[in-house]
Structures are given as C-alpha cells and as structure tokens.
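Engineer: Structure in structure tokens, see below.
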C-alpha cells in the first residue's frame, strides 16, 4: 500500500519519500504518481550481476542508515525527474507507456560510473577520490533517464556524431532538471568542480566549436568516437540557445527535436536543422533565427 516516509541523503539532508508498505515492511516503491507508473529502487550490494538486486526496505517509514543514503538520493531524485517529464511534456515514464522506472545503487565496488542499461539505471559508489556515490546528483539522474527517453524516440546510435548528440541531449535535460548552474555532476565530483560544463566546455577538456571536433576511434578506448568529448559542441550551442530564449521555450524546442525530428544517424548539422524547425513549429521565425545563431556561433 502507498505510504509516505522520509530518508537521509548522501549530503545528510532529510527528504520526503514516496514509499510502499508490503510484506510487513516499508520499501522504496513510489506508488504516488497519478498515472500509476512505479519508481522502484534496489540495492546491488556491490555486485555487478543479477540486476536489479534487493528492494531497499526499512522496518519503519524512515530510511536513515548510512548504507541506504545512495538509495534515498536515487529514489528522491528520480521522482523529481519523472515529474519534470510529465509536467512539461505529459511524458509518462521514459517510454511514454508508463513502464516502471528502476534504479540499482551500490553497483560494483568503487565503481566510477552511472548508466542507463536499456531498461534501468545503475549507480556506482565512486572511488572516493574522483567520484562520490553517483546517485547524489539530480542532473546525473536526469541525464541517465534521458538516455531512456532517447532510446525510445530518436534512438541516436551511440557512436561518433549521433553518440555525441545522445550524450549532449542527456546533459541538456540534466540542466533543465537542475538549472541552478551550468555544470553537470557538480554534486558527485570530488577532485574537480564538475564533470562537464554547458557554458564553458573547454574547462573540462571538451571542444566548444566544430573547428575543434576530435576524430577519435570508434572503440571502447576511443569512447566510440569521443561521444563524451565532442558533446561539448552541441552543449555550447544549447547554452547559447537557453541564454537567448530561456529555459521554458528551450526545453520545449529540445524535446520536440528529440521526439519528432531526430533519427538514429543524425549528425550535428541534422540536430541544428531539427532544433531550428522545432523552434519554428512552436514559436515562429524570430525564435528559430535565434536557434540558428546559437549553432552558427559554434561553427555549424
């Protein structure tokens, strides 16, 4: 049965949690969404197999033990990301079909990554020197969930330019969910201020202009053509767009482009055209021209 409780986050804050009472205990299963879509959070207990793991539970309505903090953040943040997509775009879960949204925390040991696996999210705990537990950042959770949205819409191939666009759209929706700064991952990085910046990609060794696109090998070692590197170029174009048009219009333009116009093999130039067309569809030629200028400024 649906219930409400609270939990302690990685940073020590107390947050409200939508939970469920089942089998004589409280579990991190959010049954509060009017659509009936469930958000469920599991613990892999440092395994990297047999996903999703054990449903996070408590004998009381409070989730306060230190081993539960990563789960509290994952559960709370994902509830916010679900609400963001539903309230702004009427999108019901990543697939718009109300599929349950699953996270597993404590993936592996000192694992320095978070990922969308195709049907759920996984979060490592970080090694403590580069990353702290990766569920502690709202923009990272939004980034991963957006990979799910992309998979079900444009389905951008994860290599070269389409892959860099896949990464960029995840960063941009990460920003739309956490607009207090232009950084991505600032709440989980230990040794540097953030992972990436939309306003200043070069701060984290990313190009911010097409003239500096890096042709990297399409291998695991080469980050599949540098998808996490070359995303700096469309990220800077997004920053330019948002500063010209504001969040409210920009997020509608980006969502329309992703869900209506982009295809698996879209290039940066295709993305520019898709975003210009989306702006024209929604807001007319003046705003479309501002989007065009935002991309011209990064050499595209």
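Count begins at 1; order follows the chain as displayed.
Note that Cβ sites are derived from N, Cα and C of the backbone, with glycine treated the same way.
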Engineer: If Swiss-Prot says 178, 181, 183, 186 bind Ca(2+) 1, which of 139, 208, 220, 223 does it name for the same site?
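Structural biologist: For Ca(2+) 1, Swiss-Prot names 178, 181, 183, 186; of 139, 208, 220, 223, the listed one is 139.
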Engineer: Out of 167, 180, which is the one Swiss-Prot records at the Zn(2+) site of 143, 147?
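Structural biologist: Zn(2+) site check in Swiss-Prot: besides 143, 147, the record includes 167 out of 167, 180.
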Engineer: Give me the Cα-Cα distance between residue 143 (Zn(2+) binding site) and residue 228 (active site, proton donor), rounded to a whole Å.
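Structural biologist: That separation, Cα to Cα, works out to 12 Å.
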Engineer: Among 181, 186, the binding-site residues in question, whose Cβ has the most other Cβ atoms within 10 Å in this structure?
Structural biologist: 186
Engineer: Please list, in sequence order, the residues in the chain of residue 139 (Ca(2+) 1 binding site) that are at least six apart in sequence and whose C-beta is under 8 Å away from its C-beta.
Structural biologist: 171, 174, 175, 177, 178, 183, 184, 185, 186, 187
Engineer: Measuring Cα to Cα, how many angstrom lie between residue 181 (Ca(2+) 1 binding site) and residue 167 (Zn(2+) binding site)?
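Structural biologist: For residue 181 (Ca(2+) 1 binding site) versus residue 167 (Zn(2+) binding site), the Cα atoms are 18 Å apart.
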Engineer: Looking only at 143, 147, 228, the recorded positions on record, which one has the least crowded Cβ, with the fewest other Cβ atoms within 10 Å?
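Structural biologist: Candidates: the recorded positions 143, 147, 228. Fewest Cβ atoms within 10 Å: 228.
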Engineer: Rounded to a whole number, how many Å is the Cα of residue 147 (Zn(2+) binding site) away from the Cα of residue 228 (active site, proton donor)?
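Structural biologist: Answer for this pair: 13 Å between alpha carbons.
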Engineer: Measuring Cα to Cα, how many Å separate residue 228 (active site, proton donor) from residue 144 (active site)?
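Structural biologist: The Cα atom of residue 228 (active site, proton donor) is 13 Å away from the Cα atom of residue 144 (active site).
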